[in-house]
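Quick look at what TrEMBL lists:
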- 58-76: transmembrane segment (TRANSMEM)
- 88-108: transmembrane segment (TRANSMEM)
- 152-174: transmembrane segment (TRANSMEM)
- 186-206: transmembrane segment (TRANSMEM)
- 267-285: transmembrane segment (TRANSMEM)
- 315-336: transmembrane segment (TRANSMEM)
- 348-366: transmembrane segment (TRANSMEM)
- 616-638: transmembrane segment (TRANSMEM)
- 644-666: transmembrane segment (TRANSMEM)
Amino acid sequence: MNLFQKNEFKETPFLPVSPEEVPPRPPSFPKKPSPKICGSNYPLSIVFIVVNEFCERFSYYGMKAVLTLYFLYFLHWSEDTSTSVYHAFSSLCYFTPILGAAIADSWLGKFKVLSMVGLSLIALGTGGIKPCVAAFGGDQFEEKHAEERTRYFSVFYLSINAGSLISTFVTPMLRGDVQCFGKDCYALAFGVPGLLMVIALVVFAMGSKIYRKPPPEGNIVTQVVRCIWFAISNRLKNRSADIPKREHWLDWAAEKYPRQLIMDVKALTRVLFLYIPLPMFWALLDQQGSRWTLQATRMNGNLGFFVLQPDQMQVLNPFLVLIFIPLFDLVIYPLVSKCGINFTSLRKMAVGMILACLAFAVAATVEIKINEMAPPQPDSQEIFLQVLNLADNEVKVTVLGDENNSLLAESVKSFQKMPHYSKLHLKTKSQNFHFQLKYHNLSVYTEHSVEEKKWYTLIIREDGKSISSMMVKDEENKTTNGMTAMRFVNTLHEELNISLGTDTSLGVEEDYGVSAYRTVQRGEYSAVPCRTKNEDFSLNLGLLDFGAAYLFVITNSTGQGPQAWKMEYIPANKMSIAWQLPQYALVTAGEVMFSVTGLEFSYSQAPSSMKSVLQAAWLLTVAVGNIIVLIVAQFSSLVQWAEFILFSCLLLVVCLIFSIMGYYYVPIKLEDIQGSADKQIPQIQGNMINLETKKTKL
């Protein structure tokens with residue numbers, strides 16, 4: 001018997017050597033017509049899917065909107081740690097879709113994963129929802145309605161951003177405007193998104209009877225991995241020059257796996273290869289909720305007609321998406337087409353990358369301007385010092401040492417507001433300074449210890465007929481993260497308790513006691529309740545602005561009751577938060593061109609058995625992008641504006657690589673995959689390779 005007889009084409013599918021490893025394909029789901037929306041070609045079932053996605057995205061983005069500031073203000077983590085944990089969480093949410101896709105395609109199907117897993121456990125549920133919901137919506141359309149299916153993905157993305165728009169605007173208001181136990185109400189800010197998840201479950205279940213539910217098609221992820229592994233190992237075992245080459249490296253899996261699976265994996269790997277550069281885009285896009293929010297805390301949110309909290313600035317992204325999607329679909333893309341430009345999906349994605357590069361270049365420019373407006377910081381072996389004279393007459397302050405220099409050219413008047421800090425140089429990291437205080441005809445000498453890189457206030461007070469002084473350390477962080485910092489000096493002769501809307505009152509000792517710092521939200525504080533042992537009264541603190549730090553001196557020298565003398569020693573944020581609008585507009589335009597196009601591209605290029613797998617791979621690029629940000633945040637020593645430039649340049653390089661890869665990519669149609677499976681692939685009999693008619697030894 002000639003083992004190398006010429007291969008005869010057969011219509012029957014090729015059976016694997018080990019049938020138990022590759023389960024037979026189940027029959028395709030019934031092609032019964034589903035109810036349509038108002039006589040159109042859009043299935044009624046997508047209404048439930050889109051509403052479900054709106055509620056689920058409201059929950060997800062509403063929780064993420066306050067997450068960074070929750071870490072920063074409530075848990076008191078640093079900016080880098082808050083950024084790292086934020087992106088670690090985002091990365092985990094986009095890693096779990098691989099597990100969800102495997103379960104959906106191989107066991108439960110997309111519908112059951114959405115309802116049983118995705119909406120039951122939020123953490124793992126994100127992995128169950130993300131790879132399934134978009135593809136499940138696409139499954140509701142018949143192949144002849146491909147144009148409507150393409151439009152569905154735009155509507156689907158609109159629902160995502162509608163949920164995000166409302167949640168990123170409302171959730172920060174629930175956090176800041178509502179008090180829970182005397183503090184910002186994070187419980188309510190996280191609880192409302194949780195309620196929306198319950199609504200999402202109910203809405204999705206309501207459409208159960210009208211969904212087209214494609215059955216699971218075996219453990220597809222395992223099949224793909226084993227098919228690729230067998231092709232590679234089989235090729236390595238048959239490296240002899242006498243063995244004929246095969247058209248594609250995956251054809252070396254033909255000894256064990258069916259033709260259709262091999263063709264599906266070929267289509268899958270071609271798209272996965274294009275996905276390699278994509279994580280860098282997501283590394284930039286997802287910083288809206290971390291680095292850009294932190295940038296907003298150093299800006300002034302007062303727009304005149306409305307006051308924006310730093311975490312509310314994220315609302316611009318979904319708001320602009322709702323505008324840009326119809327603008328691009330109905331105006332820009334048709335105009336480009338009329339100009340004779342073939343604006344393919346891959347070209348749209350490349351342009352989206354370029355727009356994101358420009359957005360981060362603008363963000364770097366804004367960051368530089370913020371730094372220019374910020375107060376200077378003391379360097380090594382330097383301190384900043386200001387004098388606060390609470391005596392009843394002017395005082396001349398002189399620093400004694402190698403050079404007897406006056407801090408100020410003129411004497412410090414009683415309750416004089418100092419225009420700026422004075423810089424003093426140290427000989428070591430810590431040092432004792434000797435001061436001479438001239439008051440009336442008296443000269444008082446005092447000594448105080450200071451440390452480098454700190455801010456201090458020398459408070460001068462009456463002490464009988466003489467004066468004395470005390471050195472207090474001021475707020476070290478000159479950018480108070482968008483909050484207002486304050487402290488109090490109590491000149492009364494009894495202890496004072498001040499209620500600032502927190503769960504406990506702020507206590508200030510009598511006779512020039514100095515309180516600890518407290519941070520509050522920006523706003524008008526016209527009647528702050530105060531209490532001493534003998535009386536209750538209120539203080540008018542006025543407007544406490546974004547990023548400012550204030551010192552209040554409580555006195556009772558006018559006969560009109562205790563009053564607060566106010567001094568702003570850290571100026572409020574000067575740069576308007578509106579300057580973030582250009583970077584949000586650029587990155588959102590890039591997102592519309594990149595993400596919406598990528599969703600539809602992933603579905604159109606995916607074999608029918610692997611749509612959820614390819615959707616999960618698309619989401620996996622988001623996870624990798626967040627890991628990139630996490631690594632940079634933890635290990636980069638760059639200043640913020642330089643970090644923005646770094647990300648912009650990296651994405652520009654990646655965009656060039658992606659453009660070259662896309663130039664050589666030929667989009668496929670589903671019928672091409674099916675048709676190619678009927679072509680001749682070298683087959684076997686038993687465990688022998690059928691290598692056409694050429695007689696060679698294995």
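Using the three backbone atoms N, Cα and C, a Cβ is placed for every residue, glycine included.
Within the same chain, the transmembrane segment (186-206) stays apart from the transmembrane segment (315-336): fewer than three Cβ pairs sit under 8 Å, each pair at least 6 residues apart. Between the transmembrane segment (152-174) and the stretches 58-76, 267-285, 315-336, 348-366, 616-638, Cβ pairs under 8 Å are most numerous for 315-336. Residues 270, 273-274, 276-278, 280-281, 283-284, 287, 291, 344, 346-347, 349-350, 353-354, 356-358, 360-361, 363-364, 367, 632, 636, 638 of the same chain sit 6 or more residues outside the transmembrane segment (644-666) yet have a Cβ under 8 Å from a Cβ within it. Only sequence-distant pairs (6 or more apart) were considered; of these, fewer than three Cβ pairs between the transmembrane segment (348-366) and the transmembrane segment (58-76) are under 8 A, so the stretches are not in contact. The transmembrane segment (616-638) makes no contact with the transmembrane segment (58-76), as judged by fewer than three Cβ pairs under 8 Å among residues 6 or more apart in sequence. Within the same chain, residues 61, 151, 154, 157-158, 160-165, 168-169, 288, 343, 580-581, 584-585, 587-589, 591-593, 596 sit at least 6 positions outside the transmembrane segment (315-336) and bring their C-beta atoms closer than 8 Å to a C-beta of that stretch.
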